[in-house]
Amino acid sequence: VPKVRDSRGDSDGPRRGSLCERHCAAINNVHGELGELGCHPHRPRVPPATSTPSCCQQHSEEVCESCVLKTTLTAENAVEANKLSNNYKFGFKKWKSHVTARPWEDRSEIVKELYSDLNVIRASGGSTLTCGNVLYLLLFGWWLSLLYVLVAAVMFLSVMGAPYGRLCWQLAGYFLWPFGKVIQKVEVPKSHQVCDAGAGESSALLGGPTPRRWLGTGHWHHAGTAVWLCLGYPLLALAHGLVCVAAWLLIVLIPVAKLSGRAAARLLLLPPRRLLVRRLGTTQVPLEGEVILCCYRAANPYYYKYAVDGINVFAVNLLPLVLVTLVLGYVDSPNHLTGSAVKFTLALLSIMPLSYYIGMAIASISAQSNFAVGAVVNATFGSITELTFYITALIKGSREGNRCYAEVVKSALTGTLVGCVLFVPGLCMVIGGIRHQEQRFNSRSAGVSSALLFLSVGGVFAPTLFSKVYGKLVCGECHNVTQNPLGHYLCHNCHFDLMDNNGTLYYSHVQPLVYTVSLLLPAAYLIGLFFTLKTHTHIYDIHISDCHMPGHHHSAVVHWSRWRALLILLLSTLCMSACADLATEHISPILTNSTISQYFIGVTVLAMVPELPEIVNGIQFALQNNLSLSIEIGNCIAVQVCMLQIPILVLFTIFYPTNFTLVFSDLHVYASMFSVVLMNYIFMDGKCDYFQGTVLVMVYFILLAVYFFAPSPSGC
């Protein structure tokens, strides 16, 4: 609570009073100031009071304590406030990016520079000799300038295209080093037919000699334009297009992409007499005419924040990869162009941008809808990425009669659980701890997730423990070590057989237990939702305010409307299914020919690659000192794995028989339980630092080493 300034001085009245009175006075003062600014809280707030004693008489000490403990988050509009509120709701997908367009005046100067056009002349551009500009010269500048020289020669040889030849000669010097130079669109007097707008001949702007006239008729001028559009422009437009694509993919060189895009789309289509190229001096003078291009820097490291229609630039650049994967996977099915390893890698990488689009669509729909619609969308599509891959893998394993696919799915489930419990919060704690010495989080809300996690892990591994107790141990090969019939035997490939006596143990005891657990876990998940979202919402201590400063635009401009977000969600899910089908189609050679354990492949690649967008969101929350959401991201995914994904897979096996049984190997059981216990021990006191995060990450890598050196599961 901010301090209340006492304008009366020390001598005006006593300064005594209880802690409650001072807190209530501060709250009244804050609400008074917010009311003047037009703030509209979306949560119940303390009613205004006329005096401090009446406030404390009207509200008990609990209210004042809640005023102190409440965390207030400010949103630009009602949609963003709803999104922030959903981030703190259990079972809702946590999303960092904005779902609405931020007001231009609220953005930092760094972000404003990212979205500014290349037509602004600065008062002081600074030195143009930078590493990014030199990189532009080495990658694009020299050959682009050489190409302009060649096109200029062609234009001069054609005679009719001589004006465009002179323009290309000037642009050759410009694109060799465009920094600190400006290209303008100038007005030409009607008495001049065609003027040579060279940098040293424009007397109207530079005080030089009178521009020379290029003699010719209107027919001759049109003929020169036709020659330019046939011989010069297509080649230069293609070159600028390649530069634009390459620079955009490099992200930090997006200014170069903007430069080339504007050059191809507008600059090269203007008449030569309308263009003026000049170098900016140290003393700037007002320039007449429209500025088309003015660039100072070729690279900007902050372009990782750049977004197109609310979509991060990384997700935009990876979207063509999805199209390439689908075309290459279904057109080249005999593997004539590429092998299975390449197609599997492409399919797995394509899951990352699709996961981002699914997350963005879910957050957009939830922020623009009521609680019921948001809960249904999150419960339906929240785990669609993982379930799509698991179900397609089980279907393929059932068709081929290969049990290895079921073991890979179990490894992926365990890897997601272990990674979200250890790696995701640990990495966020390490990265956030570098900026903040100590980070605190809501231990009570984390305790709810931890309790559900304990329950879910116990329920998921209950059939496994049951089979260990009552199953019959069967070994594939045994050798007598002591050469004595009563001596010691060394056995290999041992497992607990559940199908003894025609599967009496499995069908009569284990399978009913699996179905019972699969019904109880979703019920416990619903109880957790009701507890955190209905009866005990106060444990999150979050207060969302929709505040607008005077003069700001109040209306929310959403990036994706509800119908557009729904369409993108359905298309992304469809593409996700296709990519998952390709991944499972081409994983078989990797599983059979690879020397790495199938356990390791499932625990690492198949488990963590779809979760990369969630990891990025967690890191961004940790950098903003909001570790509570970073922890909730990992816990929420782990709880959904046990309480939603596994029961759905069990339900799927009822209608489509597969080799998937809810009986895990000992390694999966020990790794999962140890991870959950360690996570609860670390999060016990409600505060952490980078050292505790390092412990979690190191334990995760130790478990990965165990999986790496573990032998392949039976059946693979």
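Note that Cβ sites are derived from N, Cα and C of the backbone, with glycine treated the same way.
Since we're looking at a predicted model, the values are computed, not measured.
Taken straight from TrEMBL:
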- 131-181: domain 'Inner membrane component' (DOMAIN)
- 134-157: transmembrane segment (TRANSMEM)
- 235-257: transmembrane segment (TRANSMEM)
- 311-331: transmembrane segment (TRANSMEM)
- 337-359: transmembrane segment (TRANSMEM)
- 342-461: domain 'Sodium/calcium exchanger membrane region' (DOMAIN)
- 412-434: transmembrane segment (TRANSMEM)
- 446-466: transmembrane segment (TRANSMEM)
- 513-533: transmembrane segment (TRANSMEM)
- 565-584: transmembrane segment (TRANSMEM)
- 565-707: domain 'Sodium/calcium exchanger membrane region' (DOMAIN)
- 596-616: transmembrane segment (TRANSMEM)
- 637-656: transmembrane segment (TRANSMEM)
- 662-683: transmembrane segment (TRANSMEM)
- 690-710: transmembrane segment (TRANSMEM)
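Only pairs six or more apart in sequence are counted, and the transmembrane segment (637-656) with the transmembrane segment (690-710) gives fewer than three Cβ pairs under 8 Å, not enough to call it a contact. Proximity of the transmembrane segment (412-434) to the transmembrane segment (311-331) is not established, fewer than 3 Cβ-Cβ distances being under 8 Å for residue pairs spaced 6 or more apart.
When Cβ distances are compared across the two stretches, the transmembrane segment (311-331) makes no contact with the transmembrane segment (596-616), since fewer than 3 pairs at least 6 residues apart fall below 8 angstroms. Counted over residue pairs separated by six or more positions, the transmembrane segment (596-616) shares at least 3 Cβ pairs under 8 angstroms with the transmembrane segment (337-359), which defines the two as touching.
Within the domain 'Sodium/calcium exchanger membrane region' (565-707), the DSSP-based counts of helix, strand and coil residues read 116 helix, 2 strand, 25 coil. Count of Cβ pairs under 8 Å against the transmembrane segment (690-710): among 235-257, 337-359, 446-466, 565-584, 662-683, the largest is for 662-683. In terms of DSSP secondary structure, the domain 'Sodium/calcium exchanger membrane region' (342-461) contains 104 helix, 2 strand, 14 coil. The stretch in 235-257, 337-359, 565-584, 662-683 that contributes the largest number of Cβ pairs under 8 Å to the transmembrane segment (446-466) is 662-683. The transmembrane segment (565-584) shares more Cβ pairs under 8 Å with 337-359 than with any other stretch in the list 235-257, 337-359, 662-683. Tertiary proximity for the transmembrane segment (662-683) is limited to same-chain residues at least six positions away from its ends with a CB under 8 Å from its CB atoms, namely 410-411, 414, 417-418, 421-422, 425, 441, 443, 446-447, 450, 453-454, 457, 460-461, 463-465, 467, 496, 498, 510, 514, 517-518, 599, 631, 646, 650, 692, 695-696, 699-700, 703, 706-707, 710, 713. Long-range contacts of the transmembrane segment (235-257) within the same chain, counting only residues at least 6 positions beyond its ends with a Cβ under 8 Å from a Cβ of the stretch, are 114, 118, 132, 135-136, 139-140, 144, 147-148, 151, 168, 263-264, 268, 295, 297-301, 303-304, 306, 313-314, 317. Counting only same-chain residues 6+ beyond the ends of the transmembrane segment (337-359), those with a CB under 8 A from a CB of the stretch are 93, 95, 311-312, 314-315, 318-319, 321-322, 324-326, 328-329, 381, 384-385, 389, 568-569, 572-573, 575-576, 579-580, 582-583, 585-590, 605-606, 609-614, 617.
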